[in-house]
Each structure stands twice: as structure tokens, then as C-alpha cells.
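Novice: Pulled the feature table from TrEMBL, pasting it below:
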DOMAIN    12-221  domain 'Aspartate/glutamate/uridylate kinase'
BINDING   Lys17, Leu18, Ser19, Gly20, Gly60, Arg64, Thr167, Tyr173, Asp176  ATP binding site
BINDING   Gly59, Asp79, Thr140, Gly141, Asn142, Pro143, Phe144, Phe145, Thr146, Thr147  UMP binding site
Amino acid sequence: MPVVHDRSVKYKRILLKLSGEALMGEHDFGIDPKVLDRMAQEVGQLIGIGVQVGLVIGGGNLFRGAALHEAGMDRVTGDHMGMLATVMNGLAMRDALERAGIRSRVMSAIPMSGVVEHYDRRTAIRYLTASDVVIFSAGTGNPFFTTDSAACLRGIEIDADVVIKATKVDGVYDKDPVKHADAVKYDSLSYDAVLDQKLGVMDLTAICLVRDHNMPVRVFDMTKPGALLNLVTGGKEGTVIE
Ligand SMILES: Nc1ncnc2c1ncn2[C@@H]1O[C@H](COP(=O)(O)OP(=O)(O)O)[C@@H](O)[C@H]1O
Ligand SMILES: O=c1ccn([C@@H]2O[C@H](COP(=O)(O)OP(=O)(O)O)[C@@H](O)[C@H]2O)c(=O)[nH]1
């Protein structure tokens, strides 16, 4: 895809985190190809204006370690299944991107020879510089972490300008807006405010990491068409944590 620099770009290199659950679309489990195709188009628009895109995709649409543990499974085994789920989502996203004509790579924190490349930071940066989308899968490679933490970790490692969390709500609220109709949205807030109020939009380990490395985080609604492009080109979308 040709790179056209015809819009002002606020963030030159981004780490975009997509929630696994959002990939389900209207379904209760799995991947809705329509959602994948739409996300691929939106990522393609960013590549088209010269933005370098790293992706971390969750696995909650398939397996979550904590939920498997609640059902009786060993926690670490459940987390391994959750991380493998993120590799499956990564493969599906690569497929959608390639079908849309966007070059992409899947790297895994857990070696999986013959299926995807093993994560290597310097190689990832080379791919990004060449305008390939890099999908960082298998989370951090360690149990007891989340893909939010993986997104913040990879964002810091690749020296991204921002970590963008694409989710089903349109920002950070003073309480969970899915459970409380009177929740109030923040346009911006500090890392410490998220930590002090224990706001559940992102796990607190991830927030500590971005705080320690001054990495700004944007939270926005991935179901809103065009929102991602608007955000990356300086538009007002969602909430800024910095
Ligand atoms: N203070 C808050 N502001 C915004 N969303 C919140 C807040 N507290 C909890 N949430 C929940 O966090 C979810 C976003 O996180 P995400 O990682 O995408 O979902 P999940 O954790 O279900 O995979 C939202 O769907 C929302 O219900
Ligand atoms: O570094 C990591 C990232 C993820 N996971 C496991 O993978 C699952 C899926 O990730 P997550 O819940 O973050 O997905 P999302 O909520 O974004 O869909 C988690 O529940 C964990 O079990 C893990 O063990 N280590």
C-alpha cells in the first residue's frame, strides 16, 4: 500500500491494543470476520498516512486464565491457554490485514516455530520502520499478566508515541459505565488518578508501567467508525491518561 503523507499525523508510531471481546462483535464467543475486516481497513488508513502500527490483541473472546481458574483449572494452565488465544486472534488479524493489502507480521512472546516469528524487539522495529503492521501476540509470555500490560510493555519497548486502547466504551469514567448509568466520563486524567480511584478500564499493573515510563495512553471506542483515524490525526476522541 502506498504511503501518502497528506494529513497531519499526531502520533508517528503507535501501539494499538484491541480487546479480544470486541472482536466477537454481536456474538458470545469467537471472532466476527466483519469486525476484523473493519479494523483492518481502519489500520490500513493509518498505514496510508505514514503511521507505524504495532498491535496487541487480547484473548478474552476465546479464553481467560482467571475464568478458567474459577471453573476449576490450574491458573497457570489457564493463562497459557489465554496467551495461545491471543496468537489465534493475531493470525486472524494478519489474515484480514493481508486480504486488505496491508503487509503484516505476527510475533509471539512464546516461541512457536513454523507458525509465527519469535518476538525480537530490534526486528520488530525494523518491520515497523518498513511500514509493516506488527502484531505482538502471546501477551508478555508470562502468566498472571494481561494483554493490557503486554500492550504497555511493547509500546515502551518499541518507543511508541502512544498506547491506544481500543475498547467497547468511549473512554475512562469515574466508575464502570457498563454497570452505572450515571458514570461521568473524563477527557483526561493522570496515571495517579487512575491508580488512586482504582478505575477498572485497564489493569493497574499496566498503568504503573506507563506511569513509570511517561507513556501516554488513549482509551477510545473501537465500535465507532473513523474514530481511530481521527484520534491519530489529532482529533478529540475518548480519554487521555498521562
Ligand atoms: N472506570 C471505568 N471507565 C471505563 N470503563 C471501565 C471502568 N471500569 C471498568 N470498565 C470496564 O472496562 C472495560 C474495558 O476494558 P477491556 O479490557 O476492553 O474489557 P475486558 O476487560 O472486558 O476485556 C469496559 O468494557 C468497561 O466495562
Ligand atoms: O501477558 C499475558 C497476557 C495474557 N495472558 C492470558 O491471556 C488471557 C487473555 O488476555 P486478556 O484477558 O488481557 O484479553 P482481553 O481482555 O484484552 O480480551 C488473559 O486472561 C490471561 O489468562 C497472560 O497470561 N499473560
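Using N, Cα and C of the backbone, Cβ positions are placed for all residues, glycine too.
Nobody curates TrEMBL annotations by hand; they come from automatic prediction.
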Novice: Between Ser19, Gly59, Thr146, which of the binding-site residues has its C-beta surrounded by the fewest other C-beta atoms within 10 Å?
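Specialist: The binding-site residues Ser19, Gly59, Thr146 were compared, and Ser19 has the fewest Cβ atoms within 10 Å.
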Novice: Please give the maximum pairwise Cα distance, in Å and rounded to a whole number, for the ATP-binding set Lys17, Leu18, Ser19, Gly20, Gly60, Arg64, Thr167, Tyr173, Asp176.
Specialist: 24
Novice: The domain 'Aspartate/glutamate/uridylate kinase' (12-221): mean pLDDT?
Specialist: 97
Novice: Please tell me which one of the binding-site residues listed here (Thr140, Asn142, Phe144, Thr146) sits closest to Gly60 (ATP binding site), measuring Cα to Cα?
Specialist: Thr146
Novice: Spatially speaking, which of the binding-site residues Ser19, Thr167, Asp176 is closest to Thr140 (UMP binding site)? Use C-alpha to C-alpha, please.
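Specialist: Its closest listed neighbour, by Cα, is Ser19.
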Novice: Anything from the binding-site residues Ser19, Gly59, Gly60, Asn142, Thr146, Thr167 with its Cβ under 6 A from ligand 1? List those in sequence order.
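Specialist: From Ser19, Gly59, Gly60, Asn142, Thr146, Thr167, counting a Cβ under 6 Å from ligand 1 as near, the near ones are Ser19, Gly60, Thr167.
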Novice: Where the criterion is a Cβ under 6 Å from an atom of ligand 2, which of the binding-site residues Ser19, Thr146, Thr167 meet it?
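Specialist: Only Ser19, Thr146 meet the Cβ criterion.
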Novice: With the cut-off set at 10 Å between Cβ atoms, which of these binding-site residues ends up with the most neighbours? Options: Gly60, Phe144.
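Specialist: Comparing the binding-site residues Gly60, Phe144, the most crowded Cβ belongs to Gly60.
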